[in-house]
């Protein structure tokens, strides 16, 4: 089999990228079959929420992160070893690290993973936010053509709001994440928390599609790999995760998502929401709570972490699905709701969110991711 394969490859000229052409052809063929039999038009769907069908905000954020890595960290000269030390969030006495740590990365694999996450989950978050207001009238459409549009209804303003919101979440993750963090993953998790509140299973599907996109990128970058076994020192994979940064980003995104779905009255099914949050948290290793023991040893609290993700799924489901009525006492039978009930509900949501955040603050060591 191997000689036949080599013979088939040798037929083509050496300058022809056979592997890349094979991969691209297979992707185009597979996508065409899926579109033909599935009746799905991604361009038409994109144009319902994106101006000209393009997620401008996500592309702008991805370009900004890539620009910082290539030119601020000098990754264009040293792609696998960029400048890192000045950009870590070492302490509040290092404002450069606090401000820049959310947008800088440790190596090429780190920045690639976060850009892929932004281009997948970020697009879904921008789709949920939308470049257009949720309820558009004929007057608004006419005003858009004439250029007289209310501020929050103008697509350019909404795109800018998405970009600015992403940068603000990044700054918050740099300020409040414990330890010398670095990386854009806090914002990526905020995107995920935002979309989970409206499209729980869709977020999980998009997360898996990110793995597909990573596979395609790696296949184009390295079509063939020859590698031999060798001894090496490897720390546990969960010891290199910035769990606090991920939890903080997810918490901020979930709060924004809860506000949006309750304001638009488009709450997802409770079982789907619970399942989506649980699957996402487990798949992304948010159960991996650990402490260092010294001497390159770490202790993983798997049971506590597993309990935390189940509680997280339950609390977020309650926050989205619960009514505006108070848990105890009577509401006004005429008005149907009252200011007091809203206050109690808000306090209940804040207490639930703080409980989850306090659980995740148990982990004290920060890695690159």
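Quick reminder: no glycine exception, Cβ is built from N, Cα and C everywhere.
What you are looking at is a predicted structure, and each value in this text was computed from that prediction instead of being measured.
As given in TrEMBL:
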DOMAIN    159-262  domain 'Peptidase S54 rhomboid'
TRANSMEM  16-38  transmembrane segment
TRANSMEM  50-72  transmembrane segment
TRANSMEM  159-192  transmembrane segment
TRANSMEM  237-261  transmembrane segment
TRANSMEM  273-294  transmembrane segment
TRANSMEM  300-320  transmembrane segment
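Tertiary proximity for the transmembrane segment (50-72) is limited to same-chain residues at least six positions away from its ends with a CB under 8 Å from its CB atoms, namely 43, 82, 87, 100, 103-105, 111, 114-115, 118-119, 122-123, 125-127, 129-132, 155-156, 159-160, 162-163, 166-167, 184, 187. Across all of the domain 'Peptidase S54 rhomboid' (159-262), the predicted model scores a mean pLDDT of 88.
Ranking 16-38, 159-192, 237-261, 300-320 by CB pairs under 8 A with the transmembrane segment (273-294) puts 300-320 at the top.
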